[in-house]
There are 4 protein chains.
Amino acid sequence: MKKIILLTGFEPFNKETINPSWEAVRTLQGWHEGDFVVHSRQLPCVFGQASKMLHQAVEELQPSIVIAVGQAGGRVDLSVERIAINIDDAPIADNQKRQIVDQPIVTNGPAAYFATLPIKAIVHALREAGLPSSVSQTAGTYVCNHVFYSLMHQAHEWGTTMRAGFIHIPYLPQQAAAHPGSASMKLEDMVEGLRIAIRTTMAHDVDMREAGGVTH
Amino acid sequence: MKKIILLTGFEPFNKETINPSWEAVRTLQGWHEGDFVVHSRQLPCVFGQASKMLHQAVEELQPSIVIAVGQAGGRVDLSVERIAINIDDAPIADNQKRQIVDQPIVTNGPAAYFATLPIKAIVHALREAGLPSSVSQTAGTYVCNHVFYSLMHQAHEWGTTMRAGFIHIPYLPQQAAAHPGSASMKLEDMVEGLRIAIRTTMAHDVDMREAGGVTH
Amino acid sequence: MKKIILLTGFEPFNKETINPSWEAVRTLQGWHEGDFVVHSRQLPCVFGQASKMLHQAVEELQPSIVIAVGQAGGRVDLSVERIAINIDDAPIADNQKRQIVDQPIVTNGPAAYFATLPIKAIVHALREAGLPSSVSQTAGTYVCNHVFYSLMHQAHEWGTTMRAGFIHIPYLPQQAAAHPGSASMKLEDMVEGLRIAIRTTMAHDVDMREAGGVTH
Amino acid sequence: MKKIILLTGFEPFNKETINPSWEAVRTLQGWHEGDFVVHSRQLPCVFGQASKMLHQAVEELQPSIVIAVGQAGGRVDLSVERIAINIDDAPIADNQKRQIVDQPIVTNGPAAYFATLPIKAIVHALREAGLPSSVSQTAGTYVCNHVFYSLMHQAHEWGTTMRAGFIHIPYLPQQAAAHPGSASMKLEDMVEGLRIAIRTTMAHDVDMREAGGVTH
């Protein structure tokens, strides 16, 4: 039986009518290669609901790898998140019009979890393929980080071998046109980037060691 | 006889070993479509020499359209320059190790020339094609602006119908890998962008009117 | 009789309730030192009206020096503008709800005018005083540039010895609080910066030569 | 007996000849008000050594509050760090020419610690005082984060009531002059900001709840 890769993307938020994360993720529904096959799911941009739907998908599919994907308008590349932190602190309301401020995602949960994807190897492989990429030291404190932390907590609680992480992607060019000065990336490059992230994760049980940090 | 489009790109500068402007421009050498054909030339990143070589190429080829292309490391999109200004003010030395500060490019020349390409139509067409693009209000004060101003001055002195302008392009992904936080663009997208800029210029004798400015 | 220095600042625009340019400029109304005295005037953020009011003030006061000041939200320092260009291209409507796109400010006027303030000496003096400052290569294409170009055109038409230019200033800290990630400057530093700009202009008939350009 | 506040700043690094964190911190050596007094210490920009010296200072002084301060060249305000993470991943060598990549700071330590300063109240008070400030979601992965994590780990191991955290500060104006486009802040504003941070920490056993997060 094929190993299952779960990809998630988000519905549009913050006045956008499209979310590149879902556009990229939906394109890979059913994609298979070697011994894996991709399942794609859309998550709402809503605190609580998003993590609940993700948990259900994980329970149902029992994936070997989960990569949650989210839009990071203004970022310039495929940024592979290093760490999820145990706080919701929303600068804007979510799609249910709730703005949560300074609440832990999991009461008494650890302050943070590191991603268990081979993040350095993924960044390395993306650059090799001519796709701009970097390690990110923060996934923010909004619904993306909320989903990322919930996912890592679930993996930790289960004690499974499931590996998981989060990738932030830039605006699509059509979105950037409405946000002058913002970088963007073509959908096909995002999709190709996710393919590379999956293949690299399959190929690396242990991450590469390669500088990917920042001074501040 | 086919109309001639002259494209110029630069040699690498500022410690880079590659210049995306030349990589993109060289790819289009000989490209033809309808009634035009492209000639590609490389310029040195040297004050004086660069403009001299460009003048010679213009004299030799008698192009209908000239698009000079240059690397703008850190910019996020294909930025179509609006205006060239009559000043050399180099923040770093050129490839001949000369750093010119506050000298007019043409003594007693006008303060500036506007590009005569249909810049709004080009930005519009690039965005339609899913390529991020914007109008830029400054080409800087280094060799790119030097070449751009010299080109527009030559066109003005001749009183020709030749149309001309300048497009700045981001780093290539492989360059951005060495400049974390910098946006980048794939070579094939840059090349496609230049094709679109050429076709749009051929199709628009008069520019579109569409907002492309900034508050400051 | 004392020489007159005219300072102008703008009314608030773009949903702000305060404009640091007017706050700084109004503070200096009547300030005098040696043989000069400052007159401060507020301009509306309206194409046409703003330049008309400035022209009237110049006619009335016959100043030796005019420094127009404007808010540049997001900029990090006191930026001394090098050049004004002959185009209105508004990304947002002005305070009369008009959005002018691609119209020359002065029909058949030159493409641009360089500031006649000693811009390098001003930047140098500001940095010496511990105030961050830089030369800016573009004042944008909105009401600030509109006023700047109109001012330089008036000076040129008159053939006067009046020297003139434009300085863009960042948000105030209280504004930056509403624009996370934006730099800001304290009002007293802005005021001190304008004092230094005036004194430096009085002291330098000829500008210093010091690199202040950018590669793009 | 007065409560002790320990402030630390760093020696210069990365080719700078000055470090604003030490300049600001040294100014406050011996500052006292109400029932507290400040002790200032300089730390080397060296992995391991820096945390060792900080631990010794904490053991010796038994402070009630520790605020470690570091330079964040390019940041625009006084940024109060939310979380320290258990990883060294240096983009550049430290002052002993060692570049550590992907090593935990404390083997088997938790992934992260939240600061125990009232970070929201500090940001609020700084803005009230007209000083730009924001919560930062990452202190990077270099010596600043190394010291911050080591400090929080020590506090946690001891089970003390000592509260601790980290504040990143921008370049000084004289440094920004060499890094065009970088924001900066006057030394006296930094010093005033640290005074406010100390007073606010003394006044708030429990933090305010006020949005301070980011979407990504």
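The backbone N, Cα and C atoms fix where each Cβ goes, and this holds for glycine too.
According to TrEMBL, the protein has these features:
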{"type": "ACT_SITE", "residues": "C:Glu81", "note": "active site"}
{"type": "ACT_SITE", "residues": "C:Cys144", "note": "active site"}
{"type": "ACT_SITE", "residues": "C:His168", "note": "active site"}
- Task: Write out the long-range same-chain contacts of C:His168 (active site), meaning residues 6 or more apart in sequence whose Cβ is under 8 Å from its Cβ.
- Result: C:Val69, C:Gly70, C:Gln71, C:Ala72, C:Arg75, C:Leu78, C:Ser79, C:Glu81, C:Ser136, C:Ala139, C:Cys144
- Return one of helix, strand or coil for C:Cys144 (active site), based on DSSP. helix
- Item | active-site residues among C:Glu81, C:Cys144, C:His168 whose Cβ lies under 8 Å from any chain B Cβ | C:Cys144, C:His168
- When a 10 Å sphere is centred on the Cβ of C:Glu81 (active site), how many other Cβ atoms does it contain? 26
- Task: Reduce the DSSP letter at C:Glu81 (active site) to three states and note it down.
- Result: strand
